[in-house]
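Some notes on the structure that comes next.
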């Protein structure tokens, strides 16, 4: 079984914010497979889907972003999933809006949810899909920016980026992280 964990914050006030793009990606995967989310044996929501005969656990931590590792560890323990079989999907302030980047390992890059997962796993060699949300203009507060919603023009790009991210996640499941990196790390932005 593979685990695809989309990071975000619970509560309706955070819905459709830049920081919750990970939730949007796992929501899209569930929608594509006509599945819905249920409460898990831990502080998370989950959905089980199958892609190319591979079972996938979709996960939305309900711990708030900065404690995402608690939910990921709980799901991995309960479902007996190894670190090599997880993909974490999160926002990235350093990548342009419309661009996604798959990585096999690495630092948190300033993303606190990813940082907490690395701390809880005590390793950084697990796959992650970074979804670009970088502003195209100066911002006075990055905290306010990531907790803000996309404007109408950004939303058009974001919708395509969420679809592309869902495709990349399924490619990871079917073919592995190296294959997904080769096919989705093109540096091209989703067209406006």
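Any Cβ shown, glycine's included, is placed from N, Cα and C.
Among the features that Swiss-Prot reports, site 'Discriminates between blocked and unblocked aminoacyl-tRNA' is placed at 9. The tRNA binding site annotation in Swiss-Prot covers 14, 64, 66, 112. Taken from Swiss-Prot, the feature active site, proton acceptor covers 19. According to Swiss-Prot, the site 'Stabilizes the basic form of H active site to accept a proton' annotation covers 91.
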Check each residue in the chain of residue 14 (tRNA binding site) that is at least six apart in sequence and keep those whose C-beta is under 8 Å from its C-beta; list them in sequence order.
8, 20, 147
Who sits close to residue 66 (tRNA binding site): which same-chain residues at least 6 apart have their Cβ under 8 Å from its Cβ?
112, 113, 116
Of all the recorded positions given, namely 9, 19, 91, which is spatially nearest to residue 64 (tRNA binding site) at the Cα level?
9
Quiz question: given the recorded positions 9, 112, which has the greatest number of C-beta atoms lying within 10 angstroms of its own C-beta?
9
Which residues, in sequence order, are found in the same chain with Cβ within 8 Å of the centroid defined by the Cβ atoms of 14, 64, 66, 112 at the tRNA site, excluding those residues themselves?
9, 19, 63, 65, 67, 68, 113
Maximum Cα-Cα separation in Å among residues 14, 64, 66, 112, which the record lists as binding tRNA:
16
Where residue 91 (site 'Stabilizes the basic form of H active site to accept a proton') and residue 9 (site 'Discriminates between blocked and unblocked aminoacyl-tRNA') are concerned, what is their Cα separation in Å, rounded?
12
Relative to the Cβ position of residue 91 (site 'Stabilizes the basic form of H active site to accept a proton'), how many further Cβ atoms are located within 10 Å?
24
Would you mind pulling the DSSP three-state label for residue 91 (site 'Stabilizes the basic form of H active site to accept a proton')?
strand
Using a 10 Å radius around its CB, how many other CB atoms surround residue 64 (tRNA binding site)?
19
State the three-class DSSP label for residue 66 (tRNA binding site), counting H, G and I as helix, E and B as strand, and everything else as coil.
helix
